[in-house]
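One structure is given below, encoded as structure tokens.
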Amino acid sequence: MTIHPVILWTDALIFALLAAVLVLVWLIRRQEHLRAPWRVVAQRPMAMGAALVLGVFVSIGLLDSLHYRAQLPDSPADAPQYSVEVLSVFDALVDGLRARQEKTYSAPLAMQLYAKEFVQRDGVTVRDSSRLQHGGAHLAQADARLPDITRRALAGAAQGALASLLVFAGLAVWQARRMQTSPGAWLAAWRGGRLDWPARTVVLMVATMLMLGGVMMQLAAGYHVFGTDKVGQDVLYISLKSIRTGLVIGTLTTLVTLPLAIGFGIAAGYFRGWVDDVIQYVYTVLNSIPGVLLIAAAVLIVQVYIESNPDIFDTAAARADIRLLALCLIMGVTSWTGLARLLRGESLKLRTLDYVEAARAFGVSNARIISRHIFPNVFHLVLIAIVLDFSGLVLAEAVLSYIGVGVDPAMYSWGNMINGARLELAREPVVWWQLGAAFAFMFTLVLAANLFADGVRDAFDPRLGGRR
Amino acid sequence: MKPLLEVRDLVTDIGPARVVDGVSFHVAAGETYALLGESGCGKSMTALSLMRLLPDGGRVSSGAVELGGENVLGLPERDMRRVRGGQMAMIFQEPMLALNPVIKVGEQIGEALALHQNLGGQAAREAARGLLDAVGVPDAVRRLDTYPFELSGGLRQRVMIAMALAGQPRLLIADEPTTALDVTIQAQVLDVLRRLKTERQMGMLLITHDLGVVAENADRVGVMYAGELVEEGGRDTFFASPQHPYSRMLFDALPRPGDGGRLTTIPGQVPPLDGSLVGCRFARRCPFAIARCRDESPDWQTINDQRVRCHLAGTLPARIEREVTAQTTARAAKALLQVEGLKVHFPIRRGLIQRTVGHVRAVDDVALSIQAGRTLALVGESGCGKTTVGKALLRLVEPTAGSIVLGGETITAKNASTLRRQAQMVFQDPFSSLNPRMRVADILLEGMDALGVGAAGERRDAVAQLLNRVGLPDDAGGRYPHAFSGGQRQRIAIARALAVSPRLVICDEPTSALDVSVQAQILNLLKDLQDSLGLAYLFITHNLSVVDYLAHDVAVMYLGRIVEHGAAVAVLRAPRHPYTLALVSAVPRIEAQTGPGIIRLAGDQPSPLNPPDGCHFNPRCPYASEVCRQTYPGQTDLGNGHWVRCHWVAGQV
């Protein structure tokens with residue numbers, strides 16, 4: 001089966017961002033003063049644990065950004081026709097989750113639908129909840145469910161433990177060879193916490209994640225782990241698909257924010273005078289308009305544009321994607337002011353320092369002073385702002401989608417999940433798993449991002465430099 | 001008699017570093033004990049250990065501190081609070097940081113009074129007024145209701161002292177109490193401390209790096225090096241014959257009046273305190289070190305009433321007084337820099353439309369001239385506008401009026417690049433004058449690139465030459481500034497200025513942030529560079545002993561104007577202007593004071609926003625007459641290019 005790769009706008013930007021980050025990493029590795037604080041980050045157990053969790057989220061997001069359209073099975077080979085449904089590599093990996101659709105709501109790990117309905121049983125119409133098509137379909141009896149779940153969970157945990165043991169053994173051998181000791185000696189050092197990186201936390205974290213993953217995989221093969229939603233889709237699948245949306249919002253928005261904040265902030269602080277006045281008026285005005293108003297207006301404009309130009313967007317995914325991009329843009333435009341204000345203050349301070357005066361005494365041009373003296377010395381602030389803002393943006397998306405001005409309703413996102421769960425919370429018995437799953441995923445991502453940001457800030461903030 | 005404070009084998013650790021290692025000394029009531037040493041030797045940490053106010057991660061590992069027979073280290077924190085302030089009090093270096101900026105002075109003193117003397121309301125106010133009177137704050141009643149920012153540096157430091165006295169302490173710890181102050185103010189504050197000590201029979205622990213301050217104030221002296229006390233003795237014997245090589249080198253590193261020779265420097269720097277230190281800690285920098293010094297830590301040896309930790313104590317050659325090499329005589333040459341009528345006025349804008357309501361006359365009609373290969377020192381207290389003169393010369397601050405002629409060419413905004421190739425600047429603080437994110441080679445290349453000096457291919461070689469010239473290793477170019485010590489950073493800053501081969505270098509207090517031994521290295525370097533490259537220096541400083549050592553001519557500045565100008569020997573040996581007289585006599589000297597008595601100036605320098613009518617100096621001048629209050633004095637020529645602006649001198653001539 002051939003495929004037709006699809007590159008959505010956000011995909012292109014995400015991979016451009018990834019490339020930029022890789023280039024940055026390469027540059028940082030070469031500069032001692034940039035590498036040193038990162039080494040401090042790498043020595044903090046909390047930051048490293050959080051980084052691992054973030055790593056898993058980012059991998060899922062990246063896999064989910066490689067889009068394609070599959071060839072229709074009955075299309076001719078010489079003029080292939082492709083499905084209108086845009087899939088991603090991640091979809092292919094978890095094909096089972098995507099395909100196993102039920103009729104409507106079902107509770108986590110259930111084998112029946114949540115709602116009761118009239119069913120024909122042995123010629124009699126009774127009111128009962130019918131069996132799911134996929135969830136627990138392999139079981140003959142209802143009372144076999146609990147033992148089956150326990151067995152699967154244990155098997156998954158065992159598989160995870162085995163995998164983590166293998167990984168750990170590999171790590172021990174590799175590290176021992178690198179440090180030119182025996183694996184036994186390395187293990188002793190590991191147990192005593194005498195290594196120069198938080199190896200115990202990392203190993204423990206990897207083991208926990210592998211075991212959790214093992215349990216999930218085992219259970220998901222036979223059940224809907226987080227239940228199903230209104231149209232019977234697996235909530236676990238939706239939650240995982242939402243990761244990409246969250247990451248896109250968190251990262252691409254910063255991409256819009258940074259040039260504005262850095263450019264305006266440094267220009268205002270460095271040049272002062274009328275430049276400072278103009279920039280300050282602009283961001284004071286921008287700050288006094290409610291952000292939600294601007295965002296709603298922008299999203300509606302894009303919506304109208306999409307609807308009046310249907311021929312530009314060949315798939316529903318492309319339409320949702322352009323709306324997501326618009327959301328990132330407008331959120332970026334409304335959120336650069338804080339960082340710009342910070343950078344303005346810092347530049348005001350830096351421009352009076354002796355090394356800037358010395359450069360001016362040589363007649364060095366303003367552009368060069370900014371790029372060589374000011375920017376490198378505010379870069380740590382930019383970095384801290386990026387990681388701190390990330391979690392705020394992920395949460396903002398949820399709020400915006402909830403009030404209906406966020407991403408496209410057809411798009412998988414935690415905000416849409418919460419929005420969808422809103423009405424069902426009022427129903428009896430309550431449908432809680434959609435909200436719960438969105439909450440759990442968002443909580444994990446934001447907590448990891450915040451812990452990581454804490455580590456980054458502690459390492460980069462010169463005011464905290466002395467005490468650790 | 002039992003001493004007031006007894007410290008025995010005090011050991012303090014901060015993390016892995018042992019910052020104080022086995023220090024023992026005692027202070028009697030009514031006595032001043034001075035702890036002397038370079039920065040990083042553990043002086044302040046000793047004081048903080050006594051107060052039990054160590055920074056995070058610091059702890060007193062062993063030893064005993066007894067204050068009036070009470071073991072301070074054994075007290076629970078509850079009782080310690082009573083001891084702090086009540087039994088021993090501390091004054092800090094930077095009075096602005098030690099006072100709360102949003103609470104009125106009277107309330108801050110009242111807080112201490114309420115805590116230690118249970119005074120409140122009117123009684124506290126009376127007591128606070130009494131304290132301010134005691135520390136010599138004029139107009140004490142009104143000052144009670146001012147905020148710290150309304151007071152000048154000297155007054156703030158006095159308020160700090162008043163607060164410290166509120167608990168009627170028996171021991172006063174003064175940690176570099178005057179380092180941040182100008183000499184005339186320093187003299188006032190030290191007077192107050194001396195008087196209070198005698199009046200109240202307090203013990204005083206004076207921490208300083210300034211031998212002059214020690215000579216004038218201490219009864220006994222302890223020299224610290226790398227966390228250890230290395231020498232101890234009475235002031236007179238210590239100054240007559242310092243025994244430890246380190247103490248001797250501290251003396252030799254000081255520039256002496258009338259001396260034009262090379263200064264003795266102490267090579268290397270204080271060793272890091274976190275490693276294991278074997279043998280004598282000074283051995284690596286000591287010119288007398290023998291094999292034993294490197295293996296065995298010396299024990300205390302007593303010579304007369306001095307104690308010293310040195311294997312060679314008593315056997316060292318007698319101290320040789322350095323030959324006083326006279327300054328090279330004046331060379332008649334054409335002026336390299338000629339400045340006439342330089343004015344820098346900063347507008348003060350107020351209101352909605354930023355209307356100019358007045359001017360701060362930072363520099364007001366200054367004329368200077370420097371000949372090639374010579375040094376002009378510009379001397380004055382902080383805030384007199386001397387740094388602004390330097391910056392205006394380089395057009396870092398746009399001058400309001402005046403002409404600058406450099407090498408025969410009048411400098412305007414258009415040919416500023418000519419100026420930048422011929423004149424460069426070395427800044428005060430080597431920690432803020434080098435970009436921490438740039439490699440040393442890039443820092444040195446910046447000027448050459450910007451001004452297009454030399455062919456691009458040759459610049460790398462030029463960098464190596466420059467590093468060599470200022471005495472830095474060849475591989476320094478690839479490293480970042482943080483890898484260097486303060487003295488080395490200042491060398492980098494000098495190399496940066498030299499990169500474009502200027503003929504004039506403006507040095508803005510280049511040694512005031514450095515230790516004495518490092519200062520000697522930098523001064524030697526500047527002198528060598530002047531000899532080999534024929535540089536002219538404009539040396540901006542408040543340190544008169546440095547001026548004495550380096551300068552050929554001196555200009556004394558007060559409130560934006562030059563009040564006395566002449567050859568260095570003439571101005572410093574026979575000053576004529578009352579301000580210069582006071583400035584020269586206020587410098588604490590190691591040698592016994594000779595000649596006319598010390599002149600103490602009252603009050604502070606007025607604000608340049610609103611200078612007094614007539615002669616600017618008249619409110620502080622002991623010789624002021626009616627004419628001084630009305631007209632600004634003209635120039636009175638005293639011959640040999642020595643002139644002053646003073647009615648009093650004019651009347652004498």
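Note that Cβ sites are derived from N, Cα and C of the backbone, with glycine treated the same way.
For reference, TrEMBL has these:
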DOMAIN    A:243-453  domain 'ABC transmembrane type-1'
TRANSMEM  A:6-28  transmembrane segment
TRANSMEM  A:49-68  transmembrane segment
TRANSMEM  A:153-174  transmembrane segment
TRANSMEM  A:201-226  transmembrane segment
TRANSMEM  A:246-271  transmembrane segment
TRANSMEM  A:283-306  transmembrane segment
TRANSMEM  A:322-343  transmembrane segment
TRANSMEM  A:378-403  transmembrane segment
TRANSMEM  A:431-453  transmembrane segment
Contact yes or no, the transmembrane segment (A:431-453) and the transmembrane segment (A:49-68), 3+ Cβ pairs under 8 Å, gap 6+: yes
Same-chain residues at least 6 beyond the ends of the transmembrane segment (A:6-28) whose Cβ lies under 8 Å from its Cβ atoms: 34-35, 38, 61-62, 65-69, 86, 247-248, 251-252, 255, 315, 317-318, 321-322, 324-325, 328
Result, the transmembrane segment (A:49-68) in contact with the transmembrane segment (A:153-174) (3+ CB pairs under 8 Å): no
Intrachain residues whose Cβ lies under 8 Å of the transmembrane segment (A:283-306), provided they are six or more past its termini: 264, 313, 319, 322-323, 326-327, 329-331, 333-337, 340-341, 400, 403, 405-406
Region pair the transmembrane segment (A:378-403) / the transmembrane segment (A:246-271), three or more CB pairs under 8 Å: yes
Proximity verdict for the transmembrane segment (A:49-68) and the transmembrane segment (A:246-271), three or more C-beta pairs under 8 Å: yes
